[in-house]
Amino acid sequence: MSSSRKQARLDAKTNIESLSVQPYPNSNKVYIEGSRPDIRVPMREISLADSLVGGTKESPIFEPNEPIQVYDTSGVYTDPSYDIDVYRGLPKLRQEWIEERNDTELLDGVSSVYSQERLADETLDELRYGNLPTIRRAKQGQCVTQLHYARQGIITPEMEYIAIRENMGRQKFADEQLNHQHPGHSFGANLPKEITPEFVRKEVAEGRAIIPSNINHPEAEPMIIGRNFLIKVNANIGNSSVSSSIEEEVEKLVWSTRWGGDTVMDLSTGRNIHETREWILRNSPVPIGTVPMYQALEKVNGVAENLNWEVMRDTLIEQAEQGVDYFTIHAGLLLRYVPMTAKRVTGIVSRGGSIIAKWCLAHHQESFLYTHFREICEICAKYDVALSLGDGLRPGSVADANDEAQFAELRTLGELTKVAWEYDVQVIIEGPGHVPMHMIKENMDEQLKHCHEAPFYTLGPLTTDIAPGYDHITSGIGAAMIGWYGCAMLCYVTPKEHLGLPNKDDVKTGLITYKLAAHAGDLAKGHPGAQIRDNALSKARFEFRWEDQFNLSLDPITAREYHDETLPQESGKVAHFCSMCGPKFCSMKISQEVREYAKDSEQVALDQAIEIKMIDDPLEGMRQKSEEFKASGSELYHPAVEAE
């Protein structure tokens, strides 16, 4: 290991061992209680300064602003009352709810052969997570999925928790200005004014939404993925054969949840995948997804042709018993679809897809994921693992977008969705990829048509291929669009996409970009209450409440840093201008003065006041600049002054 890699691992180890509560600036962790004391839904409440509404300089009159509550994925990592210890893990929020249902049993030990081998290997003791929980599984003849309960008409505590969470406390806002919202265009989505537990149950029962909630991951705070709810964002983490350690991945997990990751996928392909995943699960307040194929491939030394159902089955059980909430399974890639990719510019770009394609060609038969799909569903139903049906034939370039191979696989995913629903297994559908803007809506339309409104989960899509290093932007454009059209969850893309494994800063950049895309999609759909935060920030901006502007933003730290680059003094935080326009040309300052002028003069209408004000201030500034230009000799360019 290089010295830089050793240092990175040491730094990460130090960080996770000394994790302390790091709340956002001017924010408090608040909990909204449900119908029972153990339903306590976390929110981040942003406190705001008072607004100056009148009076004099000596005796100003202020009006209070209500604090704004926003969706919070950070778990106890931003709760000052909780003593964080990654070696102990997070509180088991859902354990009592799971026990009350009385449809699970505790196992004496792990069932997976591979898990048994890892536990017996004493050389792994230093890496192993020390506080392993007792494993649960459905009792014989029982199904323990949220879809099963929903279809039985049962509103679970998870469903009530989600209803409270999705409403984000907006019912308490009486301010007309904050509640103002433009009507959106939802493209057929059903967006109620208020999310109720019954609405959550119904959406899950119909297959339009999922609650990823493995019974062996009770630490996860319940959340929902569906187009009639807030658009969610997934963050990918995971080691590779050449980079990253357990400590770094746990650090990235905590970092991801802090910056808004609604779910996290562990895509580890390097050493000690089993141990890394255990550490992640025990410390994750959000659902964790995986691609089991990656670990199965490691078990056969990276030779795709040597994969088989027995190895895959053992891997699924291993991960389900650890607590993985959803599996990406590339079961829709059929043998006859592989030749359809022959004329593509970039062929098959999905790792899982390429593995399956190679196996199908080597054995000249359908993959074991397809032929054993019903057995996969039986395993998932015992632990409530949701299936994320992978798009192994997604386009890897805009040239390959919406081709025959992509849509052939999509139709098969729709067929498999119906099979999974026979077992009450929750399903989401994965989508592209690289798609130019004018071809994005067709993807959403085809998915809704062929996959029976199961939630769509896309990687971007990237709208152009010319910007390596900026693919968080090329994909953020497509993500906002497809989110508006009905996509339920967006998988983030970092600046390192196509270039390397992302570090902490890349993870943050990717998440902020995608939280922005998701929010833009919610606004465009007309999701109830989505505009409250925008309205609060706009009001703060107009009133020059700089600290409130920073704190209401998706990234308060960066917003404050950019402002302070040019106005670092504390006086800059109360100034009625920024460094872009200065005090004389600030449009908002002029607008405020216009309003005051019109209010003070009963004879002058607002439109007349604007004309008068435009003469009073900006034109005087223009005249001053004109005189300066003439005094300098009226020359456009002047010779550089050489230093003496």
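Residue positions begin at 1 at the first shown residue.
Backbone N, Cα and C define each Cβ position, glycine as well.
If you look up Swiss-Prot, you'll see Asn236, Met265, Tyr294, His330, Ser350, Arg351, Gly352, Asp391, Gly392, Leu393, Arg394, Glu430, Tyr457 marked as substrate binding site, on the strength of sequence analysis. The Zn(2+) binding site annotation in Swiss-Prot covers His434, His498. Among the features that Swiss-Prot reports, [4Fe-4S] cluster binding site is placed at Cys578, Cys581, Cys586. Annotation comment: Swiss-Prot describes 623-644 as region 'Disordered'.
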Least surrounded among the binding-site residues, given as Tyr294, Tyr457, when other CB atoms within 10 Å are counted: Tyr294
Distance from Asn236 (substrate binding site) back to His498 (Zn(2+) binding site), taken between C-alpha atoms, in Å: 14
Same-chain residues at least 6 apart in sequence whose Cβ lies under 8 Å from Gly352 (substrate binding site): Val291, Met293, Tyr294, Thr328, His330, Gly390, Gly392
Cβ neighbours within the same chain of His434 (Zn(2+) binding site) - under 8 Å, at least six residues apart: Arg394, Pro395, Gly396, Ser397, Val398, Asp400, Ala401, Gly460, Pro461, Leu462, Asp465
